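Asks: According to TrEMBL, the protein carries these features:
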| type | residues | note |
| --- | --- | --- |
| DOMAIN | 17-234 | domain 'Cytochrome b561 bacterial/Ni-hydrogenase' |
| TRANSMEM | 24-45 | transmembrane segment |
| TRANSMEM | 57-80 | transmembrane segment |
| TRANSMEM | 121-144 | transmembrane segment |
| TRANSMEM | 200-219 | transmembrane segment |
Amino acid sequence: MQNNQVNITSTIVKTFVWSRNIRLFHWLNVLSVLLLIVIGSIIYFGKDLGISTDGKILLKTIHVCVGYVFAANLIFRIILGFIGKGYERWGQTLPFNKAFKQEFADFKKDKNKAFKGHSPLGKLMVGALMLSLSIQMVSGLVIAGTDIYYPPFGQYFAGSIAQDKSQVALIKPYSKENVDADAYTEMRSFRKPFITAHVYSFYFLLLLIPLHILAVFFAERREKHSIVSSMIHGYKYLPKDK
Ligand code: HEM
């Protein structure tokens, strides 16, 4: 029994990887995206569920309010990628720098290779997730303006469809009061590609999120560098030569 034991403390080093900013972003993003998926799915199946107009307006209002938290957190992360340090920076996170090709070739040769930050597959996943989340944020903010006339574009869209421009406050979701029918049709056709982007990017996220969780789970089992808990306390347990 004694002979099979390995003194891991001499070969494994506790290495700080994920800053507090990254960990806060990650868990707030998980929480807000989860809520947005649940509320978004209820909106999506609204007709089948027999939800009333008032119910729809309430659901959309809650969805948009959670959306603001999600968007603020995502904008914080995007800025951090440019001004942050170490693994906060986009150069260390996305698969677009010169070193990526070599990293990928090394990874293909040795699947158990330890990476301080993201593995090359991890970088591809982060790139796809960031793209999809950004599409959700931009399209969501536009449709919030065209649907329930919420900021940042709600005032503009309400003004664009008002018959009497001095009474924009009369424009309410799902109401025809003070609405110019032609301007409304034009505004709804402007909104169409944004709704399409919001729904297709939602499908894409429903594919990416389980893939991301499975990839982390299998990487943890194979590499044993504590990548799951590293997103809680910030440390990975890596081979000494890393
Ligand atoms: C990861 C983030 C998000 C996910 C997964 C998500 C998901 C969804 C889904 C599935 C729907 C139903 C689509 C439909 O029935 O046509 C929806 C609708 C909506 N979303 Fe999001 N959303 C996200 C972020 C946002 C953000 C940031 C905002 C704005 C702040 C937003 C605003 C809206 C609005 C206004 C609707 C109602 C559109 C309609 O009239 O059907 N969403 N969302």
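Every residue, even glycine, has its Cβ placed from backbone N, Cα and C.
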Asks: Same chain, outside the transmembrane segment (57-80) by at least 6, Cβ under 8 Å from its Cβ: which residues?
Replies: 21-22, 25, 28-29, 32-33, 35-36, 39-40, 42-43, 46, 51, 88, 133-134, 136-137, 140-141, 144, 147-148, 150, 173-174
Asks: Note the mean pLDDT of the domain 'Cytochrome b561 bacterial/Ni-hydrogenase' (17-234), expressed as a whole number.
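Replies: Computed over the domain 'Cytochrome b561 bacterial/Ni-hydrogenase' (17-234), the mean pLDDT is 95 on the 0 to 100 scale.
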